[in-house]
Amino acid sequence: MPAELSPIDTAKFAAARRAVDLVQDGMKLGLGTGSTAAWMVRCLAERVREEGLRVQGVPTSTRTAELARALGIQVVTLDEAKWLDLTIDGADEFDADFNLIKGGGAALLQEKIVATASDRMVVIADAAKEVAHLGAFPLPVEVIPFGWQSTKMLIEETLEGMDVLGREVTLRLSGDAPLLTDEKNYILDLHLKRIGEPRQLGLALNQIAGVVENGLFIDICDTVVVGHGDGRVSLRDLQSGQAEEGCIDMDRARNIFADLGD
C-alpha cells in the first residue's frame, strides 16, 4: 500500500468522496465504471459499513459488479431496480454544457442505459477532463461484430459531413484480437480531435446500421464534481446553477486505499 496517493489518485478520490455525500439512505444507485468510479464504489462501501447506509447498486460493467459485491454493496439488476435515484460515473471528457465523452473503459452502452434511467447523473472527474471542446479523447462507438468493416466505412463516410478536425477510425484491440464489450460487441474509436456539433454527430452515428451506441452523452449529466491533486473539490449543478468549493480529508483516502485497477 503506497504511503501517499499520487496527485491524480488524490483528485479522483476527492471527487468520488464528495459525490458519495449526495447518496441518501434507501437510494437505488447507478454505479459507474473506470478508475474514478472505482474510488466511488469504495467510498460508498465505507458509508455502508460505517453508517449502516442502505442502498442498492446497479453496476454498469462486470468489473464494477465484482468490486461492489466484494465490498458489501447490495447489487441488483436494472430490471430489478426499474428506476434509479442517482447515477455516479466518471467521464473521459466534459465541456461547459456538461456534454460528455465516455467509453474509454468499453462500458458505454450499459453506462448510457443506466444514466438515462436515473433521476440524476453526477459525473466525477479530475480537472484535466474538463475541455473547451470535446474530441481530443477518441470517441468510442460500440458496433455489432457482424459486418463491422462495412459499419466502419459508413461511419467514415458520415464523418465527411461532420464538423470535426480528424476522421481516423480504428478498431480497439485487446492484445491481437478485437476487444469485446460485456455484450460481446466491438468498439470503434473515432479520432476526431475536435467535435464542433456533438448533438448532431451523436444522432448521425446512431442512424448507421450496425452501430449499437456511441460515447457522446448529451443532456444526460446534471452535476459535475471535480477533484484536484491537493484534495480540493468543486461541485457544479447545471440546472440550479449551484457551485461550491471544498476540501476533502485525505486521511480517509489512505484508510481505504487499495489496488483499484481500471
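All positions are counted from 1 along the displayed chain.
Backbone N, Cα and C define each Cβ position, glycine as well.
Residues or ranges marked as active site, proton acceptor by Swiss-Prot: GLU111. Cβ environment of GLU111 (active site, proton acceptor): GLY32, THR33, THR60, SER61, ASP89, LYS102, GLY103 lie under 8 Å away, each six or more residues apart in the same chain.
For THR33, GLY34, SER35, THR36, ASP89, GLY90, ALA91, ASP92, LYS102, GLY103, GLY104, GLY105, LYS129, the entry in Swiss-Prot reads substrate binding site, with the evidence type sequence analysis. Classification of LYS129 (substrate binding site) by DSSP places it within a helix. All protein chains shown were included, and the count of other CB atoms within 10 Å of the CB of LYS129 (substrate binding site) stands at 22.
If you draw a 10 Å sphere around the CB of ALA91 (substrate binding site), it holds 27 other CB atoms from the protein chains shown. Other than the site residues THR33, GLY34, SER35, THR36, ASP89, GLY90, ALA91, ASP92, LYS102, GLY103, GLY104, GLY105, LYS129, same-chain residues with C-beta atoms no more than 8 angstroms from the centre of those residues' C-beta atoms, the substrate site, are GLY32, ALA37, GLU111. Over all protein chains present, the Cβ of SER35 (substrate binding site) has 17 other Cβ atoms lying within 10 Å.
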